[in-house]
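First comes the structure, then the notes that go with it.
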Amino acid sequence: MANPPFPLRSQVVTQGVQRSPNRAMLRAVGFRDEDFGKPIVGIANAHSTITPCNIGIQTLAERAEAALRAAGCMPQVFGTITISDGISMGTEGMKYSLVSREVIADSIETVVNGQSMDGLLAIGGCDKNMPGAMIAMARLNVPAIFVYGGTIKPGHYNGRDLTIVSAFEAVGEYSAGRISEDELLAVERHACPGAGSCGGMYTANTMSSAFEAMGMSLPYSSTMAAEDEEKAESAAQSAKVLAEAIQANIRPRDIITRQSIENAISVIMAVGGSTNAVLHFLAIAHAAEVPLTLDDFETIRARVPVLCDLKPSGRFVATDLHRAGGIPQVMKILLNHGLLHGDCLTISGQTIAEVLRDVPDEPSPDQEVIRPWHSPLYPQGHIAILKGNLAPEGAVAKISGVKTPKIAGPARVFNSEESCLQAILAGQIRPGDVVVIRYEGPKGGPGMREMLSPTSAIIGAGLGDSVGLITDGRFSGGTYGMVVGHVAPEAYVGGPIALVEEGDLITIDAPARLLHLHVSEEELARRRARWAPPEPRYKRGVLAKYAKLVSSSSLGAVTDLNLWD
């Protein structure tokens, strides 16, 4: 590539007599005389052997590195971390999951700015890799592209497709006596057949789909299987497109705008995506200095139908969506009905409308994954924002497809995920109960763990349609049922959820978007006078730092909000 028609950031380390020592170091990692005028591009490589989500990423990094060199750039590969949500789920380790989003963002920002890089190609697989990378891109605002590690293919057992959620639910089924130990083990052995992120429209696939919709990843790339050759080819193509974006000086904040975030949220609704996307897009918007609130999600939910029949509540997985036309097919339907901003810029330099020009107006009739406009799965989006005296700042719930959209019942109160799971597996939760899991919020956990173990146990025990669950923690993208998370303010800061007592009547009313505690204001005032914040669970280390800095979930659980106010 020709040198860009503007000074490169990397010139501060590659040009001039004073930078001779800097160049000496760069020569040791492969730079030649002719390379010092080329753009230096960081490859944030989240390869790891601790999780199937990331085990195939090294190949993608190598393909991207070669393509960047061929395009006239100087790639520099650096590592960033990952946490396996599926492996840490239900343990103390899960407290580090959301924390890892900030560590990933901070580490990428640190390397790219610390080394004065001219561009960034980030590759991620497990859930927090995606928002962590995008937060960094929004902060840095150097030309950047995201490459998804790819989705896992479904497992198969006894004539049905399996995902990791099948294994979590099998635990509840076994505990309730509905399956044998041999069947439990068979599900365990077949649920995860190879490399790739969890296969339904769970958090990883939700975020990758949203990034494609936003224009920060290439078309069709978010639903490719990790093990297929087209995934590696897309990594190389992403590198080529990034080199062109550097030449054209297309930056993340040219792409990450209010309108493109609305596009991403619209696609999240249309594909039936994860509630975690709410938390992550609030954080991405904060990093990009784009105004966004919980109420914006509710506004978009009301106008966008669910078009895709995908797990966890539906039938199909991401690879099925890919074969049916992928995210571009979903986007074309939304664009045709005025639900996308077609003039938004993408990393390729094209607008959304230009990218979608040759995509069919309607999905193929010989598939069942993507519904046509006139026959949606649900007429409105599934991620709702609930408010009420139990969640004055708001709470997040999946409401479409719930068989019991309104539950009023006695509170069953637990101050940790572990104590709740123990009660469920012991058969102590009854139909009509409203389970409350608190002190699991951003500060209180800390880290806002996902409650997949208790929710899966409820489903597995056959209580999914008759028991409600609310928490100041989060839910996995694999969760479904009458569950309400992200309750804010959280218990640790004295939110109303801290004042709930065993047996209090609670109403979860999805159609009314209401979360109500049937206790008088006078009684709540008496309880508040008696309440005192608990001792911090951690006083040193990363969890202590996180708990001290993190904001409310209603603001994205970010760690750099109003630091100097």
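Using the three backbone atoms N, Cα and C, a Cβ is placed for every residue, glycine included.
Together with C53, C126, Swiss-Prot lists one candidate of C73, C198 for binding [2Fe-2S] cluster, that being C198.
According to Swiss-Prot, the residue from D85, D182, D504 that belongs to the Mg(2+) site alongside D127, K128, E450 is D85. Put simply, S476 is the one of the recorded positions C53, C126, C198, S476 whose Cα lies nearest to the Cα of E450 (Mg(2+) binding site).
Among the recorded positions D127, K128, S476, the ones whose Cα sits within 10 Å of the Cα of C53 ([2Fe-2S] cluster binding site) are D127, in sequence order. Its Cβ placed at the centre, E450 (Mg(2+) binding site) has 32 other Cβ atoms within 10 Å. Within 8 Å of the centroid of the Cβ atoms of D85, D127, K128, E450, where the record puts Mg(2+), the same chain has further Cβ atoms from I83, S97, L98, C126, T203, A204, N276, S476.
Across the structure, D85 (Mg(2+) binding site) and C126 ([2Fe-2S] cluster binding site) are spaced 8 Å apart at their Cα atoms. Sorted by the number of other CB atoms within 10 A, the binding-site residues C53, C126, C198 start with C126, the lowest.
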